Amino acid sequence: MDQKVRQFEVCTQDGSVDRHGNPAIRANTGKWLTATLILVNQGLATLAFFGVGVNLVLFLTRVMGQDNAEAANNISKWTGTVYIFSLLGAFLSDSYWGRYKTCAIFQASFVAGLVMLSLSTGAFLLEPSGCGVEESPCKPHSTVKTVLFYLSVYLIALGYGGYQPNIATFGADQFDAEDSVEGHSKIAFFSYFYLALNLGSLFSNTVLGYFEDQGKWVVGFWSSAGLAFAGLVLFLAGTPKYRHFTPRESPWSRFCQVWVAATRKAKIDVDYEDLNLYDSETQRTGDKKILHTKGFRFLDRAAIVTPHDEAKKVETGSKYDPWRLCSVTQVEEVKCVLRLLPIWLCTILYSVVFTQMASLFVEQGASMKTNIRNFKIPASSMSSFDILSVAFCIFAYRRFLDPLFARLNKTEPNKGLTELQRMGIGLVISIMAMISAGIVEIYRLKHKEPDTSTAVSNSSSLSIFWQVPQYMLIGASEVFMYVGQLEFFNSQAPTGLKSFASALCMASISLGNYVSSVLVTIVMKISATEDMPGWIPSNLNKGHLDRFYFLLAGLTAADFLVYLVCAKWYKYIKSEASFSESVSEEEV
């Protein structure tokens, strides 16, 4: 008995293991030591990624010879593909490789893509020598060179996309949610993770952005490759200390089993008011049994024990057929995913707003006054104000706003805003950001230069610093939306789908980019007339970008109303004590 108690005290209670597969020793693994390595790794990887992504729209126009609308669409498609690959990474992590191995493999792919981009840019794309700046665009490229460019950037998308959702969850794995102190740290980790993500992009948006804006693309890309490699080495250095969750079975098989079992029993008579559901006696260490809920009643059929199930069990002399009978917890896991989907869908339009920061905001800024005496401010570096806003808002929320809301909460004392409430606030702030961007564009057009025969960066006398409010508002909205979204999906997802939950956050950004691309295409076709080449032409002085921003504000406002309905309908999951908790109660 004493030996079991001692083992319980020194080991984590959530089922995590060390690199050898043994129960993780609390004192020797995880916590802030490994979490800090992961945060620095995330900062370096983000710095490397945005070292390419932040100015990719200018690379497409100046080096690849694309116009503004085409470049904005290609950026949206590329960014969307980055986050689609996050679903692939989550699937491999949850089902086969585990989070550590998945992170290592995809980071290696990320480094390979950056090296390929650096080599191809220096050797083939910057022709003639000295091209790639605003005043000297490069000559057209052959099909082979274009394919090589897209192959390298999409290898970057594969590596960064597959790595990103797993590193967030892997970092949270370093804290034992069953321990009161580590559980609090686990919640705080997501805020620091998003802060590391933004601080990592600060250097790329300023220093690297400046070099690339001056046409020093090779320097910028090689810097990104070196930083990504340093991040990979740092990640591998923490290998002996990491905590892991070993994937035991595919969560997607469990998901499908519920649907198959429920469909097979579609014709049996069921009294939903008096259900006798099967609850498996076996449970994996660290797993929690989820309590039965009344929603999605059709799926409850999968957990009803029929005479046929009993006969099959006796006949085979083994367990119940998992494709005919599932446990209550297994059924509730599927219900959890179904309840998450409406909330997730409501976040997609927010991502449409967010993606404008990497495309149309940059193009708008490039068409404003960017000079301070002899120093030219790269339009992409204005996103530094977004990063500063994120850093400030995370600090202010954790230090002041959250404790304040906790004191004001009368129904649940000492509890601040819920994740759903924070996500709703993020939507409202994003509406304000689009309105601000639209107003700035109106004034930019009022100050446009008389000669608009060519699209030049200084086509308006309005200072680029007028963009600061829209960037600051986007940053504030991110803290409420994306940090809240990370915490919400991680806490509400079933045990075997934690990486998938993080991937959902990234997939909303992905679909937001694709929706943005489609929306830009539709708007250009509808708004183009004989007198005006659409709202977003190559020369923004001849268009109405302000109308597009106001359109996004209106669509986001409608989305917010739908979100309110979905958030009110959502039911938080309720679980019994974990296996390890029950052991402690019985044996201590």
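Here the Cβ of each residue, glycine as well, is placed from N, Cα and C on the backbone.
Nonlocal intrachain contacts for the transmembrane segment (32-60), taken as residues 6+ away from its ends with a CB within less than 8 angstroms of a stretch CB, comprise 66, 70-72, 74-75, 78-79, 107, 110, 114, 117, 132, 153, 156, 160, 163, 167-168, 170-171, 174-175, 185, 189, 192-193, 196-201, 203-205, 208-209, 212-213, 217, 220-221, 223-225, 227-228, 230-232, 234-235, 237-238, 241-243, 358-359, 362-363, 366, 378-380, 383. Look at TrEMBL and you will find 32-60 (among others) tagged as transmembrane segment.
Here TrEMBL flags 104-126 (among others) as transmembrane segment.
Taken from TrEMBL, the feature transmembrane segment applies to 146-163 (among others). Within the same chain, residues 45, 49, 52, 56, 64, 78, 81-86, 88-89, 92, 102-103, 105-114, 116-117, 120-121, 124-125, 506 sit at least 6 positions outside the transmembrane segment (146-163) and bring their C-beta atoms closer than 8 Å to a C-beta of that stretch.
Residues or ranges marked as transmembrane segment in TrEMBL: 192-211 (among others).
Summarising the annotation, TrEMBL assigns transmembrane segment to 217-238 (among others).
Sequence annotations record features per position, and here TrEMBL assigns transmembrane segment to 340-362 (among others).
If you look up TrEMBL, you'll see 382-401 (among others) marked as transmembrane segment.
The annotation transmembrane segment is assigned in TrEMBL to 422-444 (among others).
Sequence-distant neighbours of the transmembrane segment (504-528) (same chain, 6+ residues past either end, Cβ-Cβ under 8 Å): 69, 72-73, 75-77, 79-84, 86-87, 161, 164-165, 340, 344, 347-356, 359, 482, 485-486, 489, 534-536, 544, 547-548, 551. Sequence annotations record features per position, and here TrEMBL assigns transmembrane segment to 504-528 (among others).
As annotated by TrEMBL, transmembrane segment applies to 548-566 (among others). Long-range Cβ contacts of the transmembrane segment (548-566) within its own chain (Cβ-Cβ under 8 Å, at least 6 residues beyond either end) map to 342-343, 346, 349-350, 352-353, 356, 360, 423-424, 427-428, 430-431, 434-435, 437-438, 441, 520, 523, 535-536.
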Q. List, by number or range, the same-chain residues at least 6 past the transmembrane segment (340-362) whose CB is under 8 A from its CB atoms?
A. 53-58, 71-72, 75-76, 79, 379-380, 382-383, 386, 420, 423, 426-427, 430, 433-434, 437, 467, 470-471, 474, 477-478, 481, 485, 488-489, 492-493, 501, 504-505, 507-513, 515-516, 519, 536, 545, 548-549, 552, 555-556, 559, 562-563, 566-567, 569-570
Q: Go through 104-126, 192-211, 382-401, 422-444 and flag the stretch with the largest number of C-beta pairs under 8 Å relative to the transmembrane segment (217-238).
A: 104-126
**Q.** Close approaches to the transmembrane segment (422-444) from elsewhere in its chain (Cβ under 8 angstroms; 6 or more beyond its ends)
**A.** 343, 346-347, 350, 353-354, 356, 361, 364, 367-368, 460, 462, 466-467, 469-470, 473-474, 476-485, 488, 545-547, 549-550, 552-553, 556-557, 559-560, 563-564, 567
